Amino acid sequence: MAVMPPRTLLLLLSGALALTQTWAGSHSMRYFYTSVSRPGRGEPRFIAVGYVDDTQFVRFDSDAASQRMEPRAPWIEQEGPEYWDQETRNMKASAQTDRVDLGTLRGYYNQSEDGSHTIQIMYGCDVGSDGRFLRGYRQDAYDGKDYIALNEDLRSWTAAAMAAQITKRKWEAAHAAEQLRAYLEGRCVEWLRRYLENGKETLQRTDPPKTHMTHHPISDHEATLRCWALGFYPAVITLTWQRDGEDQTQDTELVETRPAGDGTFQKWAAVVVPSGEEQRYTCHVQHEGLPKPLTLRWEPSSQPTIPIVGIIAGLVLLGAVITGAVVAAVMWRRKSSDRKGGSYTQAASSDSAQGSDVSLTACKV
């Protein structure tokens, strides 16, 4: 089944970095599946992507020529052919499950065969800085609305729709939660630890933001101050504006964190200020790559050049990334900070022939 899906490309773009919330000191592995029916044009399109923290590492697209799970990060390419064979089998099995589920759900909702419908799934696990299991997830949605979710106890389900009560009863009878919990607490954690170790130069690094401020006159009476943070990793960052030391949260225009195209991220926050009062406003930047928070104030004598080319390039790449990974869902926001890198010993039981994802064929709606 599915996870809360974006229904338009705009939502997909705005949700590019909207991964599930994690806590301080933790790391996460998430898989996002999306299936979209297309009546009269063959079988549904199935796209899956896997993320470790903010980094996409695998991708599968049923429309691709290869029909294979494909690497999206250098450190995953070292996995052997057994790994890729199993991952591909899991993806194809999940695609077929979703194909059946789309028909089942259409019946639950008494919908005609003419319209296009969407199923999504998000599942995964978090580990702490010591590599131990913290929590697991499984959330599903249908046509952009919550459908069913695994509860925090990993033993029960919450149905968010009347039709989902049917699914809940089916899954309870099939002991689906127990099967999923075994994966989340076991193989999911083992593979996440393995990935963190193999990709530690990328996944456990911290790149502090490069910051500056720009000034944009609106009229003779007002101007926009924009606070920029560029080239940082991980994606979690806080930009806040203050006026005479008081937070201006409600008056701040804040964009979603965006990939820059080089493995780092970008973000800006802006406020409209009365002309002549710019010095009363300060921008405060917090990121784990900084030894202490930064405070920026507009300095008229040293107005920087806005890196428009870099920003546009990042936005163009963002479109390509999300179109290729149609599943980075719009609901979940990474809000953690202070994720400290550690050494994650590879679990001996991480069998490449099993793969790090899970075939969800048992969870038919």
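Placed from the backbone N, Cα and C atoms, the Cβ positions cover glycine too.
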Bond partner of Cys227 - disulfide, per Swiss-Prot - picked from Cys125, Cys283
Cys283
Report, in whole Å, the straight Cα-to-Cα distance of Cys125 (disulfide bond) from Cys227 (disulfide bond).
34
Give me the non-local Cβ neighbours of Cys188 (disulfide bond): same chain, 6+ apart in sequence, Cβ-Cβ under 8 Å, ordered along the sequence.
Met29, Gly124, Cys125, Gly136, Ser356, Val358
Any idea what DSSP makes of Cys125 (disulfide bond), helix, strand or coil?
strand
